[in-house]
Amino acid sequence: MSTEQKEIPPKVDVPAKAEEEEEDSDDEETTPTTDGSAPAATGDKKKKKKNKKKKKAAAPAVAASMNDLFEGKSIPSGLVQTNPPTIPVSKMYSNGVFPMEELREQERLQANIYNDVRRGAQAHRDVRKYVNSFIKPGISLMELVTKLEDASKTLVGADGLKAGWGFPTGVSINHIAAHFTPNTGDKTILKQDDVLKIDFGTHVNGYIIDSAFTVTFDPKYDTLKEAVREATNTGIMHAGIDARIGEIGAYIQETMESYEIELNGKVYPIKSIRNLNGHSIRPYVIHGGKTVPIVRGGEMTRMEEGEFYAIETFGSTGRGHVVEDLECSHYMRNEEYPSNVRLPKSKQLLQFINKNYGSLAFCRRWLDQAGEDKHILALKNLCDLGVVLPCPPLVDVKGSYIAQYEHTLLLRPTAKEVLSRGDDY
């Protein structure tokens, strides 16, 4: 099921060829043969005594796409306006699209932000390409996340809180929907029959790219992946400035639940997981305050110009509802936290978190790698005080399979830019 719309080029003026024909007639004329056939290759052409100056050929017309019209991508024809003006503006732009100067000026003021987030997006695409070159059954999840995060750190140009990881790499298998990354000592091995969700982030100056995809090795899961990928694309298609968030959820659910999958001789409906959502993103804050549901019935809050959103969908063969379970690995410091930390070890750990992660999410494995290996009691104390929020794995019923696809988009004044889009998804 495709959500793409066919582009219809606007009507444009096609340059007449009369001038070219006149130029040909200025140079030569043909004389018919006596039998009415075409003249011979030589000897039948009479040169004119007078050579007229050739007229400059008109610039070729360029068909404009619907995207060009939407974004105001005008192409100058090369003509220079006279003084006083004599050339219609319709002839000044060869694709028939006219510029949007006021909105363009607004975008120019945000150029540095756009460049930062595109840098993070390009790093994300390049990491995905690298991961797909080595991922296969038999690899441990620890090796997978280590290679991925090393590449991400290199490609984004990690520099403290100025650039680096957006959040821990999620490698959630089968009925685990999200928030699973291996803690130190984890021995989980990826198997041929697994459905793996890879969800990782990059950031530059706090502008986070949040994007996820699903990896399988058995084609029997292709329908599940297709349903979720198309549901995400549906959400992206309906997102935009002034779009009502609740309506987007209804469109997503309609697309997702139009699919079903046969596994081992049994047919399962593919369900949107009703208590998982997409979300807005703010600088250094992965969940920015607005949620984008993937089922109908959500709030009718509107999306606004300048906002970043992670449009993500989850499709399940199980209940379509997740609960917290398993050992916690993901954590995140509260934006505003109480100042009642008393234990020295807890104070020390909080200082480390503030310096290295701020309000970005982190995981226990990162603490171990940084030398904070005796952190468990201090981390529990910070969670008990409400300074740090634990984010345990989210799971559906055991034996079910879940797929996920996610993209980050930016609602610019002139366009909806899907920042994390690539050739892969």
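From the backbone N, Cα and C atoms, a Cβ is placed for every residue, glycine too.
In TrEMBL, annotation is done automatically, which means it is predicted and not curated.
According to TrEMBL:
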type	residues	note
COMPBIAS	1-18	compositional bias 'Basic and acidic residues'
REGION	1-62	region 'Disordered'
COMPBIAS	19-30	compositional bias 'Acidic residues'
COMPBIAS	31-42	compositional bias 'Low complexity'
COMPBIAS	45-57	compositional bias 'Basic residues'
DOMAIN	117-313	domain 'Peptidase M24'
BINDING	H179, H287	substrate binding site
BINDING	D199, D210, E406	divalent metal cation 1 binding site
BINDING	D210, H279, E312, E406	divalent metal cation 2 binding site
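Structure coloured by features recorded in TrEMBL.
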residue: H179; record: substrate binding site; contacts (Cβ under 8 Å, 6+ apart): G170, S172, S329, H330, C391, P392, P393, L394
residue: D199; record: divalent metal cation 1 binding site; contacts (Cβ under 8 Å, 6+ apart): T169, G170, S172, A178, D210, S211, A212, Q404, E406
residue: H279; record: divalent metal cation 2 binding site; contacts (Cβ under 8 Å, 6+ apart): I286, H287, G288, K290, T291, V292, Y309, A310
residue: E312; record: divalent metal cation 2 binding site; contacts (Cβ under 8 Å, 6+ apart): D210, A212, T232, L276, N277, G278, I294, Q404, Y405, E406, H407
Of D210, E406 (the binding-site residues), the residue whose Cβ has the fewest other Cβ atoms within 10 Å = E406
The mean pLDDT across the domain 'Peptidase M24' (117-313) is 97
For the divalent metal cation 1 site built from D199, D210, E406, further residues of that chain with CB within 8 A of the site's CB center | G170, F200, G201, S211, A212, A310, E312, Q404, T408
For the divalent metal cation 2 site built from D210, H279, E312, E406, further residues of that chain with CB within 8 A of the site's CB center = D199, S211, A212, G278, I281, Y309, A310, I311, H407, T408
